[in-house]
Amino acid sequence: MLVATLLCALCCGLLAASAHAGYSEDRCSWRGSGLTQEPGSVGQLTLDCTEGAIEWLYPAGALRLTLGGPDPGTRPSIVCLRPERPFAGAQVFAERMTGNLELLLAEGPDLAGGRCMRWGPRERRALFLQATPHRDISRRVAAFRFELHEDQRAEMSPQAQGLGVDGACRPCSDAELLLAACTSDFVIHGTIHGVAHDTELQESVITVVVARVIRQTLPLFKEGSSEGQGRASIRTLLRCGVRPGPGSFLFMGWSRFGEAWLGCAPRFQEFSRVYSAALTTHLNPCEMALD
């Protein structure tokens, strides 16, 4: 009995050491192999950063990944995952306070370019990675990048977060347009030059001719100059069916993994009407210069 107990403790110690050895120096990323994991076991991982990467080679068993430290915080948070291709050998779920698991990433040819979801206040920010069974032993890698954001815009509709959340294709209401103009990572006035579709990533890339950068929190866009027109790329979901259209638009959205993702895109004239009406009734969330 004593020998069995010692062997069990030794195995647990080796698994913990193996998982620990897979951490990057800043403990923002982890790389490990299922070949060192006991069948049916659940490895425990904690990444203290708000962005990083996971690379799980030859997935086996399961991993439970806690993001951003052990304290869930008092504000809602948003996690976005972007899989590396080919993503194979595992599924990724988000743990919910109810005990349910919400599927975020799964292997297969229809895997979209990424997914975001929201955790509520005090909800533990944990992901559950489960290996999928395969009969052969060919090399499989389940790898993805993650970003964790504090959700300061809980009143925004789901499509404001971009990158594959439910409802991402419906138009924004007038109230959502006004709030997006005040809280988005970027607000630019421009026209659509073209739209390219990526069926593999299930994304559409909108090429925008930038007339004016009204606001941005990151240096994603540059205005046109005397040397030529400034152009920018904004991503959205392929299933939204974006097509080139005439006229000027106000593009608003978020930065995800260093890329611009579309939230709301009303015609500039339409937004001007909504904003003017809000100014008249003193219901505008913020002031902005449209001229």
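Each residue, glycine too, has its Cβ placed from N, Cα and C.
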Recorded disulfide counterpart of Cys80 (Swiss-Prot; options Cys49, Cys116): Cys116
According to Swiss-Prot, the disulfide-paired cysteine of Cys264 among Cys169, Cys172, Cys182: Cys172
Disulphide partner cysteine [Swiss-Prot] for Cys182, chosen from Cys169, Cys240, Cys286: Cys286
Of the disulfide-bonded residues listed as Cys28, Cys49, Cys169, Cys172, Cys264, the one whose CA lies nearest the CA of Cys182 (disulfide bond): Cys264
Cys240 (disulfide bond) and Cys28 (disulfide bond), distance between Cα atoms, whole Å: 33
Cβ packing number for Cys182 (disulfide bond), 10 Å threshold: 15
C-alpha spacing of Cys80 (disulfide bond) relative to Cys264 (disulfide bond), in angstrom: 19
